[in-house]
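K.L.:
This is the structure I have questions about; it appears just below.
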Amino acid sequence: MKMQILAGAATLAFALPLAAQPIPVGHLMDNSGATSDVGQPYGQGVADALAWVNSRRNGINGRPLNVSGFDYGYAAPRAVSQYQAWTGRTRVVAIQGWGTADTEALVRFVTRDRIPYVSASYSAALTDAAGQSGRQGVEAAPYNFFYGPSYSDSLRAMLQWAAQDWKDRGQQGRPKYVHMGANHPYPNSPKAAGEALAAELGFDVLPAIQFALTPGDYTAQCLGLRNGGANFAYLGNTAGSNISVLRACQTAGVQVQFLGNVWGMDENAMKAAGAAANGVVFPVRTAAVWGGEAPGMAQVREISRVSDSAGNAYRPVHYISGICSAMLMVEAMETAAEGGGQVTGERIRDGFYARQNWVPRGFEGVCNPSTFTREDHRGTLRVALYRANVSGDTTQGSVAELMQAGTMKIENIATIDLERRRDWLGW
Amino acid sequence: MTALTPCGDWRASYAADTTIFPTRNSRIALLLGIAILCCAPLVFGRYELSLLINIGFLGIAALGLNILVGFTGQISIGHAAFFGLGAFVSAYLHERYHVPVLLCIPIAGVVTALIGLVFGAPAARLKGLYLAIATLAAQFILEDFFARAQWFTGGVSGRMTESPVLFGFALDRDETYFYLTLVWVIIMFVGAANLMRSRDGRALVAVRDHYLSAEMMGINLAYYRTLSFGIASLYAGIGGALYAHYLLFVSVEAFNILFSIQFLGMVIIGGLGSVMGSLMGAAFMVMLPEVTQWGADLLAGSSIDRALKLGASISFLREMVVGAAIILFLIFEPDGLARRWRLIKAYWKLYPYSH
């Protein structure tokens, strides 16, 4: 008996340090800064998914993830100093990042330190992994990954849909397209790409209209839109200021088909904008949304219970996208750990290249298939387009209730598979 | 009170009267302090070093603002724009003309000082609220220029830059960059302390204390007010250049008006009209979010968190603490950390006879 206990203790003592040594992972989020409206659900999705991997899947090959989350308030210098803390003290092997500010500030650092950085900034400039596009201002970003189509590719998909929609509705003449947004890296990111494709598809491209990233009175911009005779307008900003434009244009009676961007429209924004959001078309990164049915949704609901044990919270589109980007990183880590391999930044990066048309295990029908190669980090070129449908008063009741009652709906209107064009890499 | 020199320590020469560190012990403490700081990279990790580097370059810029606000009695709410200008000039010179980074940093300071003189011109005639508005204009003009001048700043998408190289040895790690920052901090702070005991420095203080009397004594008000702007911009430019080559990425987003206000906060918390206070204020501003973050981490998931249902709001709590700390400082210690430091020193020096 004594021998057995001793033997057991010895096995434990040998096995524990090997098996249960946690894997340090950094998680940058914006819960209090300029982009916290969408940063919170996304960050929650990432955090819940990683916690779920620890509790349900026993971490990465038995090693738990030690996730250290940090709210950097969308201030790049704070992200950089936190990055120093992570690489210096906790020695993270991968980072779940957030926006344009931190991602671009850290590109050179993560490349130097070989730490995969999974961002929620989908700037096309990050996809040129080997720096072969030769575009000005685009440099190799071999350790930057993201789940979903780039900002430019989302806009390209919406333009293709718009061109088709114009034909289907039997309209005559050339449709007019206009880019709207602040003079800021985030709205500007897809501007040139969108205008170039619009011209290619036979749109008349009107001069871009500027409006600030903060909510305000944008009646002047709406009247400009009407005077220009625009048919399709891209809203490049984040939700708060887009809502201001939508409401101002509704008041001014401007009839334009608005094309939202991936961070510019979600269920919360629909509730805030009310009837003004009705008809806005926007890209969604996942193949299913909350309340939808797909094989992978069971896992998503289970993950949601991590931070909502009652199980009745409504999770906006960003939450589910957060889960998908976390799961990509988790599986890349599993690949790195296969056969007792070390989980290092370099091996995790190679894990991203290990699969083609990659859907994280158990998330079928939720996460769209991604393919990463050494030269091309455009994970997916599939863009699901949804239309916001608001049919009543959204001021009463929560988002969950409004979605349940059908006062607000989001409907899939098209799924566009873009061509993997070489000249679109990094642009 | 100010110097706390021992009884019987008479000043028999001008040199003794204007010395920066009046006692032997204070000189020893200074050298010891620098020596300890030089050992910091051996003891501290990258995180602590990055905080120290932040304190360094923000402290240099805050010192510039202190010369303007604390010593000359002017006001500027456009300091962040000049800080940004220094960052962009340095990054641009390096990329476009391949000037070595170590040379770019002082050049950026000089260029920023020249531009600062231009924007400081209204200061020759304006005071108080009117001057505040004029500097606000500088903030917006420069910010807009950064966002539009693609050739210079890379436009809104920002500009990547590189680490300094010394004899083929890249200062690209915190351990090495720390020394560069330390050298600049020493140069700039010694420079400011020297300035304040020179003819020009005394003229600046005279302008602050009573501009009419100063003018009657023959001090050229317009000249010294504008000069003060130039010096403040020089400091901001050098601080900005150090920031640029540390972060390796400069973006217009960072240099907004909130950042300008933050510099004012550093100067007020540190102590208006105190050279060392500028560094203390910068340290306070850098450390406060870190400390509150640490507190928020402790609180997260605890029983207090559950009882008050804080959850995601914990991060807002942190922002509120920063604001509250500034208000409390203004109420309870309006003369800043520098005065508090002097009181602490006096306490120990006079112990047990202080009262």
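Each position is counted from 1, following the chain as shown.
Each residue, glycine too, has its Cβ placed from N, Cα and C.
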K.L.:
Quick test of your reading of TrEMBL: among B:51-69, B:203-221, where does it put transmembrane segment?
P.N.:
B:51-69
K.L.:
Of B:76-93, B:238-255, which span is tagged transmembrane segment by TrEMBL?
P.N.:
B:76-93
K.L.:
At a threshold of under 8 Å on Cβ distances, which of B:51-69, B:76-93, B:128-147 pairs most often with the transmembrane segment (B:266-288)?
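P.N.:
Per the Cβ under 8 Å count, B:51-69.
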K.L.:
Rank B:28-45, B:51-69, B:76-93, B:177-196 by Cβ pairs under 8 Å to the transmembrane segment (B:128-147) and hand me the top one.
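P.N.:
Counting Cβ pairs under 8 Å, the winner is B:76-93.
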K.L.:
Which residues, given as numbers and ranges, are at least 6 beyond the ends of the transmembrane segment (B:76-93) yet have a Cβ under 8 Å from it?
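P.N.:
Result: 61, 64-65, 68-69, 99, 101, 104-105, 107-109, 111-112, 115-116, 119, 131-132, 135-139, 141-143, 146, 152-153, 159-161, 229, 232-233, 236-241, 243-245, 250, 252, 254-264.
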K.L.:
For the transmembrane segment (B:28-45), what are the same-chain contacts with Cβ under 8 Å, counting residues 6+ beyond its ends?
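P.N.:
Same-chain contacts beyond the ends: 21, 52, 174-176, 178-179, 182, 186.
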